[in-house]
């Protein structure tokens, strides 16, 4: 690849990623103004990501614009570190999300989840009281459970619904409890539970309680996290390939810059 071509490609790629970084930073600032503490907690990671992308992009852009081999060296080293980090994270993500799956329940279209099925990392994070209290407060603020009566007007609709992992684990008692459903958000707890599962006693019809203290809710969150992590891991594989191609073009630009300086 010629000096002009490689420098042109690196300049435009990094110009576009600078615009992306600015958009990410603006999004992070917007999140910091949000009243929801659950969203505000993501502000620093988002701002940090935007800042890192911006710094790397401007170093690569200036290095290609000035044909400066030192800046291009710094750019390639930083890009290499990111590639290694993406690779490590992706491998760990696939390992952590390898365990855990739903259990079919006769008569129900959705699956129920059990906490012990998931990896030890998920168990450690979700059984940590501080972590779970923060997650639980976010779950209570969402409309996942509150929207069920609006989505399913009758018991028949509710019982034939395909609930999400969080809806199945956090919004209702486990089916082994045997509590009859009055509607999509209320169960008759006057019945003695037919199972010794501790979640049966933890479930309450209160909007603020539901089954948020249950292991079944933690399992539902674990399943949700597993699904999201798998999506991120697949995205990371694509990102790794794209960044590897950019790294190759960057190497060409650096070699071209070094040759032009040596001739000068």
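Glycine residues also receive a Cβ, built from the backbone N, Cα and C atoms like all the rest.
Record features, source TrEMBL:
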- 12-30: transmembrane segment (TRANSMEM)
- 42-64: transmembrane segment (TRANSMEM)
- 70-96: transmembrane segment (TRANSMEM)
- 231-250: transmembrane segment (TRANSMEM)
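Beyond the ends of the transmembrane segment (70-96), by six or more residues, the same chain brings 10, 55-56, 59-60, 62-64, 119, 121-122, 229-230, 232-233, 236-237, 239-240, 243-244, 246-247, 250-251, 253-254, 257 to within a C-beta distance below 8 angstroms of the stretch.
Away from its own ends, the transmembrane segment (12-30) comes close to residues 43, 46-47, 49-51, 53-54, 56-58, 60-61, 64, 246, 249 of its chain (Cβ-Cβ under 8 Å, at least six residues beyond either end).
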